[in-house]
Amino acid sequence: MDLNGDAGAKRKRSSITTPAERPVKHLRPESSALTPGDSTPANGTVYDVEDDEDASRLLPVGPAQADSPEWQATIEEVVKSVVSIHFCQTCSFDTELSMSSQATGFVVDAENGYILTNRHVVCPGPFWGYCIFDNHEECDVRPVYRDPVHDFGILKFDPKAIRYMKLRELKLQPDAAKVGSEIRVVGNDAGEKLSILSGVISRLDRNAPEYGDGYSDFNTNYIQAAAAASGGSSGSPVVNIDGHAIALQAGGRADGAATDYFLPLDRPLRALECIRRGEPVTRGTIQTQWILKPFDECRRLGLTPEWEATVRKAAPTETSMLVAEIILPEGPADGKLEEGDVLLQVNGVLLTQFIRLDDILDSSVGQTVRLLVQRGGQNVEIECQVGDLHAITPDRFVTVAGGTFHNLSYQQSRLYAIATRGVYVCEAAGSFKLENTLSGWIIDSVDKRPTRNLDEFVEVMRTIPDRSRVVISYRHIRDLHTRGTSIVYIDRHWHPKMRLAVRNDDTGLWDFSDLADPIPALPPVPRKADFIQLDGVSQPAAADIVRSFVRVSCTMPLKLDGYPQAKKTGFGLVVDAEKGLVVVSRAIVPYDLCDINVTVADSIIVNAKVVFLHPLQNYSIIQYDPSLVQAPVQSAKLATDYIKQGQDTIFVGFNQNFRIVVAKTAVTDITTVSIPANASAPRYRAINLDAITVDTGLSGQCSNGVLIGEDGVVQALWLNYLGERTSNSHKDVEYHLGFATPSLLPVLSKVQQGEMPELRILNMESYVVQMSQARIMGVSEEWIEKVTQANPSRHQLFMVRKVDCPPPGFNSAADTFEEGDIILTLDGQLITRVSELDIMYEKDTLEALIVRNGQEMRIQVPTVPTEDLETDRAVVFCGAVLQKPHHAVRQQISKLHSEVYVSARSRGSPSYQYGLAPTNFITAVNGVPTPNLDRFSEEVSKIPDNTYFRLRAVTFDNVPWVVTVKKNDHYFPMSEYIKDQSQPSGWRTVSHDKDKYKDGIAPDAANLNPDAMDEGFDGVSDIEPDLE
């Protein structure tokens, strides 16, 4: 007899694999061999990114062998009732994360249009989907019932929508399931359109399988057979030779064993009959989980021989009895039943099966039942009030400050044997992204006020102003012994709406309503603080530089520019304390659609804004209000001379625990590098820079810091550089390198003067060539001699590796670099150092002397303005984040197909379901060209809701294709983020549904959670731990 707790069980739901999932970006093969001139930094650190591999792919598929004529005739009729269900759970809810998937169902009422499938297909939360019949007719489906416990649900479709085939329904005959019966499982196995798998029923009295932390069925027996079904077969009918459905495919083993688990159809048949009659499907509970235990185990628990004899005489074929497994605290049976009680009678009726117990409880909601159990050989009779199972199953949720919340469900309570009470975080995002876990938190209090249920939580959140920092107390459902306490930053500006969603079983949708407008932020108050003092540090300069460091935390409400994270924390260097200017790595502040918090002296937290983003050299300049900081912040003194190889220096950095470390060391090398491009999704990277490495192991452990001299002058910044994502493990590489401060000074001086630097750059990426290579490529001996004299420490020139795709409006007739050009001079200045390329910043055109194909030539090379390189607009449509191709895209592509670039997409959205993947360009909507976001917005606004439309797209590798997408304005309304300096956050959010959102503010839906988005075609969302 199997007990509950089958670790190898897996539900048969397939991840979506539509034909629209085309190759979007070819990964380069990983190799340790460097390309010519490659100077990739060698000290990259790899960070784990979750790899969600579908274990169901490991299952063998067991197709049916040649069938008899009777079986063939049966199957021909059955397949006309089987449908392929393609669906999304549009946001995380209860045990399920937002996702897109496909499964199977079958028609059980052709006249009224009812389809039976699994509960984990119908989804506990918002569902959106359609079904495809055997003749490939498509029809929308909506949920009309999902059972609170058992793994079945009922969908409804419009029978009139099926015009080209006669609808057939399968008769449910649960009593036909017998041990030894030959069966067929007819469904979409492994995502295929139709698979027919054969098997033989081996057991009828198996306990329901446990699927782990997610949804699991209980309080029912399951049927076991060997059919080797795989992902996508969830909801398949299990039919006998008479063509009757005798069970419902639900799950199986994921360890390679050809074992499948079927749900008996007794309770689905009752629910269907209630729905047909227009009656509610009543479900009763005493909040107790029962399991089947064989008689030998029951005897050990205290079943007396007399009662065993009575049971065996009354039910000669039975070999097991029901035993209490879990009694929930504060439930009707709490303090009355105990674990291990053997159930004998309910209301005076002897029973040994779940079906009869369910029948009694479902017909006794609100009434009292009498239970007779044996406990240690003693008869114990108790009375329990039967509760309503639907009342403890969440049918509403609230989204606020980026997170999604509902009352704790009976499913979760049963799994962890806790009371069905509390506020459950089903989408831990935005302000409520706690300890880097996406869901599973129970919020005990917010702002020192208890939140025992969702209503109390809403009342507390109504009173908290925007940008407030409040204390929350919480526990994770998997570790209720440990209570966590955190300070969270309440975001009601990126997420202004507090919205209530309520399930509507009449429409199959969840109805949204606004609960409260945000309270404006309180004016900031100046604070006092002192910096720590380093004990035992022999270098006075290191002790002094502490006053120039601040901690920078950047939170992004939306994934843009291919950046993989929603939050990043590190340290910045104060370069002007009077003006509040801080230099920080661009791997921490990648773009300005963000919230930046600066922590001074580990005590004062102030907001900051982006002042400048360098397009090439991996630093950002941010600014906080210094009047709010009453602390002895010190402006760092920056060196004006470049640090040299072999020079002694003091390394001051911050380790992974954000603790300061100091080491006296020396510069080992200064190498011209470009951070490797990310193949799966272009994102910002530093190019054409001199990277400094030092002789200390601390350098690899610290992502931020400085190199300083004995006089306390900062010789270099120590920055983290976001690198590529490895194709095998889907892990991001981060490099830690030094950046000489003299390269920072020209830009910084302009910012200090209140002038916004308007840099111009050369539209290319270069790498170093040595003189041996240069000679072979046609550089004359005269020039080689000049190089050796101009740069005695490094005899090198620069070769053009890649010419960026020019921005719109660029003069295509102008001279440009070509790949392979060797640059000798720019405006007459010999170029042998990266810093000498800075001449490009101020000039519209440069006269370049180059060697091309072995010949020297002069060309007039135009520079490119950087004002348009940063993203200033994003359109969110059907769950896809669309933007103008950012700089990293232009660096890696040779031709821009349009200015509508897919930057990211949300799980559970139409873009995810239909395969509109990141790194694609959209060139037309319904045949109308859409060269830019304005034209795109204009065309898609004409499309009615719930209607298919065609998108012509081009992959990053120039492969054109067409994808059809169905619009969904209810769950994924179109909205925009537009840069607007008049707004406090620098951006404003606009809704395109003016009738529905008259205030123009886009709805704050859980599907805009950046942690639920993927920015690369590999589909991996970043969940790297970011300790606070």
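From the backbone N, Cα and C atoms, a Cβ is placed for every residue, glycine too.
Annotated features in Swiss-Prot:
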| type | residues | note |
| --- | --- | --- |
| COMPBIAS | 32-43 | compositional bias 'Polar residues' |
| ACT_SITE | HIS120 | active site, charge relay system |
| ACT_SITE | ASP151 | active site, charge relay system |
| ACT_SITE | SER233 | active site, charge relay system |
| DOMAIN | 289-374 | domain 'PDZ 1' |
| DOMAIN | 876-957 | domain 'PDZ 2' |
| COMPBIAS | 990-1001 | compositional bias 'Basic and acidic residues' |
| COMPBIAS | 1012-1028 | compositional bias 'Acidic residues' |
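A mean pLDDT of 94 is what the model gives for the domain 'PDZ 1' (289-374). Cα-Cα distance from ASP151 (active site, charge relay system) to HIS120 (active site, charge relay system): 7 Å (rounded to the nearest whole number). Counted with DSSP, the domain 'PDZ 1' (289-374) comes out as 25 helix, 28 strand, 33 coil. Rounded to the nearest whole angstrom, the C-alpha distance between SER233 (active site, charge relay system) and HIS120 (active site, charge relay system) is 12. Other C-beta atoms found within 10 angstroms of the C-beta of SER233 (active site, charge relay system) number 33, with every protein chain shown included.
In this view, ASP151 (active site, charge relay system) is surrounded by 32 other Cβ atoms within 10 Å of its Cβ, with every protein chain counted.
In three-state terms derived from DSSP, HIS120 (active site, charge relay system) belongs to a helical segment.
Within 10 Å of the C-beta of HIS120 (active site, charge relay system) we count 28 further C-beta atoms, all protein chains included. Secondary structure of the domain 'PDZ 2' (876-957) per DSSP, as helix, strand and coil residue counts: 18 helix, 26 strand, 38 coil.
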